[in-house]
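Novice: Sharing a structure below in structure tokens format, with a few things to ask.
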Amino acid sequence: MQIDIKLKQNSYKVFINELEKLNFDTKVVLLSNARILNLHLKTLKNKIKCKELFIISIEEGEEYKNLQTVEKILNQMFAHHIDRKSILISFGGGVISDIGGFVASIYQRGISFINIPTTLLACVDASVGGKTGVNNQFGKNLIGSFYQPKAVYCQSEFLKTLNDKELSSAMAEVIKMALSFDIRFFKFIQNIDKKLFLSRDDELLSNIIQKSVEIKAKIVSKDEKENHLRMILNYGHTFAHVIENQTFYKKYLHAEAVSIGIHMANILAYHLNLLQKTQIQEINQTLQKFDLPIFYKIPNINAFYQNFFLDKKTKQEKINFILLKKIGKAIIKDDIDKNTILKSLESFT
Ligand SMILES: NC(=O)c1ccc[n+]([C@@H]2O[C@H](COP(=O)([O-])OP(=O)(O)OC[C@H]3O[C@@H](n4cnc5c(N)ncnc54)[C@H](O)[C@@H]3O)[C@@H](O)[C@H]2O)c1
Ligand SMILES: [Zn+2]
């Protein structure tokens, strides 16, 4: 299965379960970490033919998604005489694809890169769309670039070794896309048999990836640099970023925070008469089917509100909220009065 990401320049394809052989007449840098290499390097190596395969393994974890790691990678690439024709392959989850894409975008002013995502979250979200970057002390993903891969290869075989929590939590991003754009896809997700999902059934996983990437492809094609429409993909994220920040990125996986953020956005939508309680319940049941959390106890509502302004998507003192008008249709609102926001946050105290 192939999905086109159509852009004004540098369009590319996302291939789902179609990675047979990759042939390059150049050097290839493979960026990954020890866990993923231990589990899957052998399989991948058999599929790659190139002049030379240079493997760079970085430390595992979000805390290493920073400029120090970028510098280490760049140094290894220079020391190994990687040239401008070489290709970088990011082989891992969103951390690896975000750093790899960023490194590729700045190494000698840019070399080609390919994503081979190994987490469900990276398949459905992080590896597609060209947002790359790293974190710093001021926040997440604050340093980066828009830089599109040459191709993305999602292989459900690599997802078999993910633990249940990593696998299931990614469904928050999938549910996010369905709720914002496609009620039929939401119905499909509601009907997923959890046992089949946890058995990592190839057909089911590739269907989930296909539908999610198709949605993302449409959005990114229309708004590559996130001027408007693409902001809808941040449904749940305005709240999630505050939760992640307040819990020091330790308590929740990103997608878990997104799940709570979806519920918070829905409560706000309820206070604005956009969503009904029954719809919110229906959504929560679906999130909870994948063992996702929907509640975070806000220690201090005013502090939580102030934290919205740390987000890089908050422009000119206006907070952008992505809210559901109904299931399958999200809208952007930047004119909600503070009292309504505070009132809706009270449900989380
Ligand atoms: N660029 C974007 O558009 C975008 C979108 C969403 C998220 N992101 C970023 O993605 C990151 C989160 O991505 P993630 O959830 O994939 O986390 P991750 O990359 O940290 O991977 C999660 C964990 O799973 C391990 N792992 C990866 N593949 C495995 C496999 N096949 N088997 C066993 N273990 C495996 C990793 O080593 C890691 O410990 C965040 O940094 C987030 O900011 C980026
Ligand atoms: Zn996200």
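A Cβ is built for glycine as well, from the same backbone N, Cα and C atoms used for every other residue.
Automatic prediction, not curation, is the source of TrEMBL annotations.
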Novice: For the Zn(2+) site that TrEMBL lists with E173, H254, give the additional residue from the candidates H81, H228, H237.
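Specialist: Among the candidates, TrEMBL records only H237 at this Zn(2+) site.
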Novice: Can you check which of 24-44, 87-107 TrEMBL lists as transmembrane segment?
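Specialist: Feature transmembrane segment in TrEMBL: residues 87-107.
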Novice: So if I draw a 10 Å sphere around the Cβ of E63 (NAD(+) binding site), how many other Cβ atoms end up inside it?
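Specialist: There are 12 of them.
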Novice: With helix taken as DSSP H, G or I, strand as E or B and everything else coil, how many residues of the domain '3-dehydroquinate synthase C-terminal' (171-314) land in each class?
Specialist: 102 helix, 0 strand, 42 coil
Novice: Which one of these binding-site residues has the most other Cβ atoms within 10 Å of its own Cβ: S97, T119, T161?
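Specialist: That would be S97, with the highest Cβ count within 10 Å.
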Novice: Taking the Cα atoms as reference points, how far is G94 (NAD(+) binding site) from H254 (Zn(2+) binding site) in Å?
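Specialist: Each residue's Cα considered, G94 (NAD(+) binding site) and H254 (Zn(2+) binding site) end up 11 Å apart.
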Novice: Could you list the residues of the same chain, at least six apart in sequence, whose Cβ is under 8 A from the Cβ of E60 (NAD(+) binding site)?
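Specialist: Once residues fewer than 6 apart are set aside, E60 (NAD(+) binding site) is near N33, A34, R35.
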